[in-house]
Amino acid sequence: MEYHMEYSPNEVIKQEREVFVGKEKSGSKFKRKRSIFIVLTVSICFMFALMLFYFTRNENNKTLFTNSLSNNINDDYIINSLLKSESGKKFIVSKLEELISSYDKEKKMRTTGAEENNMNMNGIDDKDNKSVSFVNKKNGNLKVNNNNQVSYSNLFDTKFLMDNLETVNLFYIFLKENNKKYETSEEMQKRFIIFSENYRKIELHNKKTNSLYKRGMNKFGDLSPEEFRSKYLNLKTHGPFKTLSPPVSYEANYEDVIKKYKPADAKLDRIAYDWRLHGGVTPVKDQALCGSCWAFSSVGSVESQYAIRKKALFLFSEQELVDCSVKNNGCYGGYITNAFDDMIDLGGLCSQDDYPYVSNLPETCNLKRCNERYTIKSYVSIPDDKFKEALRYLGPISISIAASDDFAFYRGGFYDGECGAAPNHAVILVGYGMKDIYNEDTGRMEKFYYYIIKNSWGSDWGEGGYINLETDENGYKKTCSIGTEAYVPLLE
């Protein structure tokens with residue numbers, strides 16, 4: 001390569017110009033320059049793309065966690081993907097902080113010296129709780145025990161969010177899926193601790209190899225055991241003096257009733273019968289935040305009678321009984337028999353459309369809204385040793401059950417957990433079955449008989465709203481005291 005300087009001898013030299021004269025290797029040099037140019041071009045394009053992403057990410061973030069059916073976004077997949085990177089984790093933390101902070105925006109900050117929140121809950125160590133207001137001090141006060149049990153927390157602290165991201169992430173999804181709203185940030189943190197403890201218990205149970213059922217998180221996740229029992233397990237029963245109480249005018253005799261509906265030559269199949277497979281069960285409903293299990297159990301069994309005897313699907317009003325049953329206590333509990341008595345005295349049930357369910361919202365009894373009434377003539381008490389017979393030939397049975405707070409997170413299988421001390425919940429017995437299962441103690445397959453029970457906690461609870469409880473071939477075994485009170489309504 002030769003290097004030349006060009007200038008005019010008659011002029012003052014102002015600028016030198018460089019001229020490259022290519023020799024034999026000029027082609028390779030040109031290729032090298034072109035490669036450098038391409039690299040620079042790609043780099044510039046990449047930087048431009050990064051800038052474009054930076055200025056548009058806020059807009060994208062707004063729709064990232066939407067729950068719209070139109071955009072088909074899978075929240076679990078997105079969040080799990082984000083958890084794989086540090087930047088993704090930080091993004092989730094920022095969204096959680098935005099969510100938590102929003103609870104304080106509509107409420108004025110408490111002044112210095114406001115009443116301190118001591119959070120008197122299980123798992124909180126009073127000596128570690130320095131009585132720091134969650135509103136006035138949004139730092140520190142976050143600990144997690146070695147067994148992942150949250151003792152106390154501060155959802156405003158980024159370090160806590162990062163250290164407990166999995167649980168906080170699950171809580172965030174729980175809030176979204178169940179549309180949970182809390183009035184204050186203190187309430188939210190209280191619910192987070194309860195949620196964390198419930199989640200821990202669920203995980204510990206599902207690791208067991210000797211249990212026949214599984215648990216799963218659901219809408220009850222932010223309720224303490226005491227709160228769950230007070231809201232959902234408040235059925236009233238006649239107790240041990242049931243047989244000493246005066247006979248109810250609408251109660252029929254079992255032997256007379258079974259003779260009417262059971263064919264003389266019938267042979268009872270004690271292995272399996274499921275009214276869900278024979279058009280005798282209506283859809284699962286949800287009593288929501290109201291202790292109205294007694295109404296759902298009694299109304300559900302009446303719906304089954306209309307389905308079996310009239311061959312038609314009717315959905316009747318539980319809210320009518322909650323509002324108008326003078327012998328029961330609305331959302332604060334009731335008796336199955338009183339529900340049937342008042343059902344008859346009121347002239348029948350309204351349709352669900354005419355008298356819709358509003359849960360725990362206050363309502364005044366208003367029977368004028370009913371366009372048509374659907375009544376029963378009487379009801380019959382089922383003897384302890386006749387459950388399978390009555391179920392097969394009469395239909396689903398309104399029964400009491402001694403449930404415990406372990407029922408709250410039942411997901412599926414054969415429930416073999418703890419039971420309540422006494423009957424406290426009303427459900428519907430809709431069938432029975434048998435399955436061969438492996439017994440680890442004996443090392444062989446054994447026949448396992450069970451009852452199929454319809455609950456009133458929504459179809460997202462249990463096995464589509466149902467739970468399976470152990471019995472025996474004759475149906476005499478009553479797990480969790482099922483059927484201490486058992487009745488079938490009669491249309492004729």
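Placement of Cβ uses the backbone N, Cα and C atoms for every residue, glycine included.
Pulled from Swiss-Prot:
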type	residues	note
TRANSMEM	36-56	transmembrane segment
TOPO_DOM	57-492	topological domain 'Lumenal'
CARBOHYD	Asn61	N-linked glycosylation site
MOTIF	84-105	motif 'Bipartite vacuolar targeting signal 2'
CARBOHYD	Asn129	N-linked glycosylation site
DISULFID	Cys290-Cys331	disulfide bond
ACT_SITE	Cys293	active site
DISULFID	Cys324-Cys365	disulfide bond
DISULFID	Cys350-Cys370	disulfide bond
DISULFID	Cys419-Cys480	disulfide bond
ACT_SITE	His425	active site
ACT_SITE	Asn455	active site
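Each residue contributes its Cα atom, and for Cys290 (disulfide bond) and His425 (active site) those atoms are 12 Å apart.
When Cα-Cα distances from His425 (active site) are compared across the recorded positions Cys293, Cys365, Asn455, the shortest belongs to Cys293.
Geometry remark: Asn455 (active site) versus Cys324 (disulfide bond), CA distance 23 Å. Its Cβ placed at the centre, Cys324 (disulfide bond) has 21 other Cβ atoms within 10 Å. Confidence for the motif 'Bipartite vacuolar targeting signal 2' (84-105), expressed as mean pLDDT, is 60.
Taking the Cα of Cys331 (disulfide bond) as the reference point, the closest of the recorded positions Cys293, Cys324, Cys350, Cys365, Cys370 is Cys293. Cα of Cys350 (disulfide bond) to Cα of Cys324 (disulfide bond): a span of 11 Å.
Cβ-based neighbour count (10 Å, all protein chains) for Cys370 (disulfide bond) stands at 18. Secondary structure from DSSP puts Cys480 (disulfide bond) in a helix. It is Cys293 that, of the recorded positions Cys290, Cys293, Cys350, has its Cβ surrounded by the most other Cβ atoms within 10 Å. Spatially, by CA atoms, the recorded positions Cys293, Cys324, Cys370 include one closest to Cys480 (disulfide bond), and that is Cys293. Here Cys419 (disulfide bond) comes close to Ala402, Ala403, Ser404, Thr479, Cys480, Ser481: these same-chain residues lie at least six apart in sequence, with C-beta atoms under 8 angstroms from its C-beta. According to its DSSP assignment, His425 (active site) is in a strand. Listed disulfide-bonded residues: Cys365, Cys480; maximum Cβ neighbour count within 10 Å falls on Cys480. A Cα-Cα distance of 22 Å separates Cys370 (disulfide bond) from Cys293 (active site). Each residue contributes its Cα atom, and for Cys324 (disulfide bond) and Cys293 (active site) those atoms are 15 Å apart.
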